[in-house]
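Report on one structure; see the data block that follows.
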């Protein structure tokens with residue numbers, strides 16, 4: 001039997017959305033959750049500290065994913081606050097920054113962006129009922145800055161994680177490696193979202209996860225069993241958001 005605790009409700013300030021790879025639906029998940037929170041009367045606060053591959057509009061780099069998150073959260077803060085670090089080259093953030101003649105350091109560049117998360121007294125849009133959604137730039141174990149991986153977002157904020165992976169053949173090996181890596185770092189996984197499930201899916205990744213999660217986490221007693229969701233291609237975003245809220249059983253302090 002697993003030593004991992006059964007899944008509790010998460011009485012937290014928010015979640016960090018990480019993924020096993022890039023372009024697997026982190027932003028879709030973040031937007032769905034933000035919209036569901038708003039429908040539940042909860043203020044959704046979003047941050048995507050860094051975005052690469054930004055197109056230029058009227059002489060300014062515009063973050064496509066950051067803008068979607070910003071809109072899903074109701075545009076309650078300036079887009080420049082939601083996603084302040086933008087680069088044009090569609091590569092890992094440190095490489096994109098270097099191409100632009102810059103460097104990225106976590107303490108200098110990322111920590112100030114996350115200060116309202118770690119120090120709520122400094123939050124200009126504070127609410128008794130608010131919930132943070134922090135989205136990484138690329139895969140969890142890819143570089144975010146010159147000195148840290150994207151997983152540092154969860155370590156620094158001490159928030160649980162929604163881990164997004166593509167629901168396809170071959171995903172289990174990469175997913176298991178990420179689950180163990182997060183557990184080894186003491187990071188709680190609130191939910192695993194297997195995204196973009198094809199209509200013709202022969203691999204039962206959900207079934208395999210439900211079998212293997214207790215085994216993988218048995219060595220980490222601090223790790224509760226995460227919820228596991230399978231999200232089909234073309235799924236309704238509102239329905240996915242409600243599914244996420246129910247799955248991770250978010251509890252907001254009154």
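Residue 1 is the first one shown; counting continues down the chain.
Quick reminder: no glycine exception, Cβ is built from N, Cα and C everywhere.
Just so you know, TrEMBL annotations are computer predictions that nobody has curated.
Residues within less than 8 Å, Cβ to Cβ, of residue 48 (active site) and separated from it by at least 6 positions along the same chain comprise 27, 63, 65, 66, 69, 82, 83, 134, 135, 137. Annotation source TrEMBL lists active site at 48.
Summarising the annotation, TrEMBL assigns ATP binding site to 23-28, 65, 135-138, 195-196, 214-216. Residue 196 (ATP binding site) counts 20 other C-beta atoms within 10 Å of its own C-beta, drawing on all protein chains shown. According to DSSP, residue 196 (ATP binding site) sits within a strand segment.
The annotation Mg(2+) binding site is assigned in TrEMBL to 27, 65, 135. According to DSSP, residue 27 (ATP binding site) sits within a helical segment.
Under the heading substrate binding site, TrEMBL lists 52. DSSP assigns residue 52 (substrate binding site) to coil in the three-state reduction, placing it in neither a helix nor a strand. Summarising the environment of residue 52 (substrate binding site), the number of other Cβ atoms within 10 Å of its Cβ, over all protein chains shown, is 25.
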**Message:** Please report the Cα separation of residue 52 (substrate binding site) and residue 138 (ATP binding site) in Å, rounded to an integer.
**Reply:** 9
**Asked** In which DSSP state, out of helix, strand and coil, do we find residue 65 (ATP binding site)?
**Response** helix
**Prompt:** Which residues, in sequence order, are found in the same chain with Cβ within 8 Å of the centroid defined by the Cβ atoms of 27, 65, 135 at the Mg(2+) site, excluding those residues themselves?
**Reply:** 17, 26, 30, 31, 48, 51, 66, 68, 69
